[in-house]
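Enquirer: As listed in Swiss-Prot for this protein:
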type	residues	note
LIPID	GLY2	N-myristoyl glycine
DOMAIN	41-58	domain 'EF-hand 1'
BINDING	ASP73, ASN75, ASP77, THR79, GLU84	Ca(2+) 1 binding site
DOMAIN	96-131	domain 'EF-hand 3'
BINDING	ASP109, ASP111, ASN113, TYR115, GLU120	Ca(2+) 2 binding site
DOMAIN	144-179	domain 'EF-hand 4'
BINDING	ASP157, ASN159, ASP161, LYS163, GLU168	Ca(2+) 3 binding site
Amino acid sequence: MGKQNSKLRPEILQDLRENTEFTDHELQEWYKGFLKDCPTGHLTVEEFKKIYANFFPYGDASKFAEHVFRTFDTNGDGTIDFREFIIALSVTSRGKLEQKLKWAFSMYDLDGNGYISRGEMLEIVQAIYKMVSSVMKMPEDESTPEKRTDKIFKQMDTNNDGKLSLEEFIKGAKSDPSIVRLLQCDPSSTSQF
């Protein structure tokens, strides 16, 4: 009796179909898996960090996972429900480049003011380095988080105001594929750094 139904209700399925790039069958399969891993229907930051650590066994992914979690948790209640999870997964795995860049921008914009400051960029880049630097050799001009942040700002901050707008971020990323790799937050693509 206390067991949650492992099928999505028709109205929820329709909402997710309209807001993701997944088929009905895929949505039902993801939902079953989500409930198996999160029987409460909600994922906490600690649970999320444990899952994320599996993708990066040789580094410390906890800080980066916190930033990803915050970006997934669109209603700010401190948990990720299935809707938040599947919409973010759709954007990051099947979204168009512009959607992915907007999502990444929202992750880097820590205070939500619509701009990425040098400090915000540095915090995320430091988290990435903690996660992957033990298994990756960085080029000399990106050998520290500070150098990588400087490189990103040099290329993207076109008006030199010390912060990146969404427009600068998207334009800069689109004009330089290596920047897309620098900003990449998809665990399966870290080898492309």
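Residue numbers in this text run from 1 along the chain shown.
Including glycine, each Cβ sits where the backbone N, Cα and C put it.
Since the structure is predicted, the reported quantities are computational estimates derived from the model, not experimental observations.
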Enquirer: Which residues of the chain, 6 or more past the ends of the domain 'EF-hand 3' (96-131), have a CB below 8 A from one of its CBs?
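Expert: Beyond its ends, the domain 'EF-hand 3' (96-131) has Cβ neighbours at 56, 59-61, 63-64, 66-68, 70-71, 88, 144-146, 148-149, 152-153, 162-166, 169-170, 173-174, 180, 183, 185.
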Enquirer: I want the residues beyond ASP109, ASP111, ASN113, TYR115, GLU120 whose C-beta is within 8 angstroms of the mean position of the Ca(2+) 2 site's C-beta atoms, in chain order.
Expert: TYR108, LEU110, GLY112, GLY114, ILE116, SER117, LYS163
Enquirer: Could you give me three numbers for the domain 'EF-hand 3' (96-131), the DSSP helix, strand and coil residue counts?
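Expert: Final tally across the stretch: 26 helix, 3 strand, 7 coil.
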Enquirer: Per DSSP, what is the residue count of the domain 'EF-hand 4' (144-179) in each of helix, strand and coil?
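Expert: DSSP composition of the domain 'EF-hand 4' (144-179): 25 helix, 3 strand, 8 coil.
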Enquirer: In this structure, which of the binding-site residues ASP109, ASP157, ASP161 has the fewest other Cβ atoms within 10 Å of its Cβ?
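Expert: The binding-site residues ASP109, ASP157, ASP161 were compared, and ASP161 has the fewest Cβ atoms within 10 Å.
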Enquirer: Between ASN113 (Ca(2+) 2 binding site) and LYS163 (Ca(2+) 3 binding site), what is the CA-CA distance rounded to a whole number of Å?
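Expert: Cα of ASN113 (Ca(2+) 2 binding site) to Cα of LYS163 (Ca(2+) 3 binding site) measures 11 Å after rounding.
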Enquirer: Write out the long-range same-chain contacts of TYR115 (Ca(2+) 2 binding site), meaning residues 6 or more apart in sequence whose Cβ is under 8 Å from its Cβ.
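Expert: Residues satisfying the criterion: ASP109, LYS163, LEU164, SER165.
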Enquirer: Excluding near sequence neighbours, so keeping only residues 6 or more apart in the same chain, what lies with its CB under 8 A of GLU120 (Ca(2+) 2 binding site)?
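Expert: Set apart from GLU120 (Ca(2+) 2 binding site) by at least 6 residues yet with Cβ under 8 Å, we have TYR108, ASP109, LEU110, ASP111.
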Enquirer: Could you state the CA-to-CA distance between ASP161 (Ca(2+) 3 binding site) and ASN75 (Ca(2+) 1 binding site) to the nearest Å?
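Expert: Roughly 31 Å, rounded to the nearest whole number.
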Enquirer: Distance check, please: Cα of ASN75 (Ca(2+) 1 binding site) against Cα of ASP157 (Ca(2+) 3 binding site), rounded to an integer number of angstrom.
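Expert: ASN75 (Ca(2+) 1 binding site) and ASP157 (Ca(2+) 3 binding site) have their Cα atoms 30 Å apart.
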